[in-house]
């Protein structure tokens, strides 16, 4: 590039872009740092180490990353762009990027960006805000980099103003400092690094965790619990605990059946085997087979009204078998025969008549207990059931699972706020039970609970079984009371082999009798837990000690032959029955699915002030800051030269960039939390992923519109933009589409990546491309032809095209001095940026198309991609 005032703007833009790129790269660090805080708070509160011991290594580990980023950028771009080719200046450029490792948060980004000296030069700042220039780390980086370039010998040619060309360029920008300010800027950047890390350590020291998980118990239940000395675990054996009832129509009848009828069904399976690809580690250790078998010819059956336990040591394949039977596996190969009611299992149909309670209780945190159950009933019960009956059934389920007293409590986030672990377990059961299933699978419903909480959950499980449903639970080392609440047991050993399947018997007598009949098995001690004894007696070490194969012993036993006979009988459909068929894939029509999802999203959004209220308040404050900084500078009468024009164009660029990135960064963690719930609901066949996606997309529109209204009635008049109706509505429409684009971009990134951290990294890459190809930092005429296609697919370029053209592209009668010559404003905008008013109709279409494209991609990714691995 040439050495003149025109090309100086390109050099200045590239310097700014380099700093902006490294700043934006700090956004992914936010997600990763926040994700580590819960572990830090726990370790800090247990006095593992002080906060500074965590902060200092975190800072030190970022230094190499910042060095690599700065070296990579400078090595690639320095000579290609054509900066002054002197080695000392090239090496000196490396030192200017250390501040990027300490910049975090959108507010910091706003302050640094606005007061950095590029978007709005220091002379254009209001006098009462010029102090902000000294507080921005970006301004010191600008001083160092621009002085490093424009005070080089090639910029020392004299001008008509009596100063060198380089000095004149720096004077226009308010960056004309003495040479020694280069080292002051380096020292200031180092000072900012130390200051921000000290503030970081102080914050880690004084800040407390966001909350703790607490049980929510009503006063009535607390009084009842306090007044009773009877252990709650006894309730499992004594029957279902019934709270006082006021409406007989909503209680269980004597047979334990509920208001809505269901068809009791058996599930039988024969010779079930499951294979996965052999891990690389095992191949390296000499395992030759390409497939690893996790389940070995498992045969059995689960029947209505029978509470069955699936047990085994860790690695036995309990959850694997449960997932295979439920159709939850996302990979691997399943062999064998699975039948429901005697008919071959069809997964799409099976999802309608079964429920699956996951070990991790995943629910929407902003809904109440009652709303969560009602939402599940709305989408999972058939359309033939009227709303009155559905509400009665919801109430009945809440009473059965003993959640009626806390139906108005918010679910909350596990480990942070809301329900206790035991209450979440019962909510998970209620959400599945309200679909009126015939078969319910529960994956370790008592894991992570103390004895009392586990007894409460098992009482709820027993209540479900007593309604005549088929209930299967994986369980790990239960207490005596919980173990003996089951009717039947299926026991597996490590490696996926079945070693027992049959009844428990009174006080586990059947199981004890079976294993004690094996020579060498030690007798159970008096008052010893039968489940613990059973697992110890069938351990791998005991098997090796006795020289026996428990799986082979079972296959040769009479109980195995009886089970084989039972499975063969259950594999034949009973006379007079027919296979289950549903006319539609989902219980509700698409429009009803959309309404239910929109209802849920509206509640979630309204109850998420940390997301919506904060971003609206924050954006309001930001727009006030923009209005104060650019007070009346958008008025065409205040624009007299290219610097005035560049200043207001920088305002358009800055407001769009900041608002867009703020919305994109805000929506990603919100959608990421909800995605785990979507996986569960999608597996349950509650709705089409497109119904959920459209509801999520639609829910953002009113909140975006609020932000636009705030801008148009606060920042727009303060900055002094034109108040003609055409220019006003063009600005409103463009801003609305652009913010939707950024929000849907964030949603799409989350749907496309496995977690929020990766989504943030990918979004940062998009930010940098959008900035570089927006047409502001590097105008379109200066973009190489082989890269111009990126300019045309960048939404920011179309956004700025509309902003620049509608506000100033029609000012043919307003002349300004630009680079030593006089031109109409409209001509300069067209010649310098190549923004043309004849492209406005096309720009309007493109602005509307991009949000639609990203919203559609979000829906497609939700429907096709699944990052859960089971």
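Each residue, glycine too, has its Cβ placed from N, Cα and C.
It should be emphasised that the depicted structure is a prediction, and the values quoted were computed from it without experimental measurement.
Taking TrEMBL as the reference, the stretch among 155-179, 180-204, 205-229 described by the feature transmembrane segment is residues 180-204. Feature transmembrane segment, per TrEMBL, maps to range 15-34 of the set 15-34, 75-94. The transmembrane segment annotation in TrEMBL falls on one of the ranges 556-574, 575-593, 594-612, 613-631, namely 613-631. Packing against the transmembrane segment (728-752) from elsewhere in the chain are residues 656, 659-661, 663-668, 671-672, 675, 696-697, 700-701, 704-705, 707-708, 711-712, 716, 721-722, 759-760, 762-763, 766, 795-796, 799, 802-803, 806-807, 840, 844, 847-848, 850-851, 854-855, 857-858, 861-862, 865: each is 6 or more residues past its ends and has a CB under 8 Å from a CB in it.
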